[in-house]
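Novice: Let me begin by handing over the structure; questions about it come next.
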Amino acid sequence: MLYQQIARNKRKTALIMVLFVVILTLVGAGLGYLFSNSPWTGIIIALAGSLIYLLIMWQNPANMIMSLNHAQEIQEADNPELWHIVEDMAMVARVPMPRVFIIPDPSPNAFATGRDPEHSAVAVTQGILELMNREELEGVLGHELSHVRNYDILLSTIGVVLVGVISFISGIASRYIWFFGGNRRDDEDRDTNAFEIIFKVIAIVFVLILGPISASLAQMALSRNREYLADASSVELTRNPQGLISALRKIEGSQPMRQADRSSAGLYIENPFHNHGLSHLFDTHPPTEDRIKRLEHM
């Protein structure tokens, strides 16, 4: 089953990459139409910029994601207990020892990232170290190292990168429209017909709203089922479902994180922003109670 899941994750990576390229192309086309009346100019700029960003980040994606989340790398002497738990879980999972980071945030949480098991890293918050006992930490780190073993980190890293790119493009567009849109409209009103106005409105809506939402939904599609599998794999490693159950309950009852990066939310073991209501539709994690019920039946 493990090798089948790894193969599925690699196929999903290719499919999600295609989906993100489509979204990027549409966002770029809208951007080009708004700024120069040339969709192709925007497409070329968006795709070329994204490719350069991906190539730069791909050299060491863990470093950039850790930086976005204000995580600080540690060595064994800095926190021997945490180091040895990670070391033990890595040995049981049969993956290389990942780099270890601590996030200076009082809310308990953790995540893993990297492009493959040989270039992986795990991060835990200061809050999780203060709040949880060894059994709970083993459950959490077993979950994160299961993501490493199953190549989930590759999918998640790609999702973070591409959502970040699309959000960056949308941010540039919104600032440009805010500062310069009024002047352009005054100059162009005489020469603009009704169809051009409609197309510009559609382009604005897609670049500023639909593009980022579509990217977030694509990222969400990467995450939900993988959390259930990582929970089950953690129990396989620790032989103790109660440790992870207790950890999930403590995380669910905690305050939202202050140091987490929003584009990285899907990486964490539990949503660091604790979305509720309508925003739960866009959550990258299954409901905690559903996860706990599955663990209780193992």
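Using N, Cα and C of the backbone, Cβ positions are placed for all residues, glycine too.
As listed in Swiss-Prot for this protein:
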type     : residues               : note
TRANSMEM : 15-35                  : transmembrane segment
TRANSMEM : 38-58                  : transmembrane segment
BINDING  : His143, His147, Glu227 : Zn(2+) binding site
ACT_SITE : Glu144                 : active site
TRANSMEM : 153-173                : transmembrane segment
TRANSMEM : 197-217                : transmembrane segment
Novice: Counting Cβ pairs under 8 Å that are 6 or more apart in sequence, does the total for the transmembrane segment (197-217) and the transmembrane segment (15-35) reach three or more?
Specialist: yes
Novice: Which residues, same chain and not among His143, His147, Glu227, have a CB within 8 angstroms of the centroid of the CB atoms at the recorded Zn(2+) site?
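Specialist: Near the Zn(2+) site, the remaining chain residues are Ala112, Glu144, Ser146, Asp152, Arg226, Leu229, Ala230, Asp231, Ser233, Ser234, Ile269.
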Novice: Just to confirm: which same-chain residues, 6+ apart in sequence, have a Cβ under 8 Å from the Cβ of His147 (Zn(2+) binding site)?
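Specialist: The list for His147 (Zn(2+) binding site) reads Ala112, Ile153, Ser156, Arg226, Ala230, given in order along the sequence.
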Novice: What is the separation, in Å, between the Cα atoms of Glu227 (Zn(2+) binding site) and Glu144 (active site)?
Specialist: 10
Novice: Using a Cβ-Cβ cut-off under 8 angstroms and a sequence gap of six or more, which residues of the chain neighbour the residue listed as 'active site'?
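Specialist: The answer is Ala110, Phe111, Ala112, Val122, Ala230, Ile269.
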Novice: Using CB atoms and a 10 A radius, I'd like the single residue among the binding-site residues His143, Glu227 with the highest neighbour count.
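Specialist: It comes out as His143.
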